[in-house]
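Copied from TrEMBL, the annotated features are:
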SIGNAL    1-19  signal peptide
DOMAIN    23-166  domain 'Peptidoglycan recognition protein family'
DOMAIN    35-172  domain 'N-acetylmuramoyl-L-alanine amidase'
DISULFID  Cys60-Cys66  disulfide bond
Amino acid sequence: MVATRFLVLLAVALTVVAADITAALVTRSEWNARPASGDMDSMETPLARAVIAHTGGGGCSDDQSCANLVRNLQQYQMTRQKFSDIGYHYLIGGNGRVYEGRSTSLRGAFAGANNEGSLGIAFMGNFDQQPPSDAALAAGQSLLEQAVGQGQLVDSYQLLGHRQVSATKSPGDALYALVQQWPHWSDN
């Protein structure tokens, strides 16, 4: 009885999250992003692929720590890796919020030659041993649905793990196992 009630509440909660990810979206201005430092190549949307990554390192579970983590990642990628901006299009915190990265009409900087035509979504943290929070996973699935609805991804997009397009362990073994069960998963 308790288990059934929990599953019903979980289904309702996931439906609400899936209904509108914009309520969970944290814009660049809200997380205090730096402006891009240089030109970036444009891409035509809708894109054919969505690539799921993790940022590695520590994660976050509340609005302040997640905003700080996105800012620190942007700082690192722009100064140490010499990217013109943060490399991902979206980042997802353990708080279930989606952080706006670079524009989806600009090529990302996360998968080398495979950035073209790919929407880069990174879960913040290291998910080799443990998966992201349920809120983060629900936000990721909702984000993909909204990306199709907003014309950022084609209806028949391929969902890939970062390790399929780059020499990396990202998105971590635990997250990679879960993502393989999501709609649009592709072994290619």
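Each Cβ is built from the backbone N, Cα and C atoms, and glycine gets one as well.
A C-beta separation below 8 Å, combined with a sequence spacing of at least six in one chain, links Cys60 (disulfide bond) to Cys66, Asn68, Leu69, Gly93, Gly94, Asn95, Met124, Gly125. Taking the Cβ of Cys66 (disulfide bond) as centre and 10 Å as the limit, one finds 25 other Cβ atoms among all the protein chains shown.
Secondary structure by DSSP for the domain 'Peptidoglycan recognition protein family' (23-166): 41 helix, 33 strand, 70 coil.
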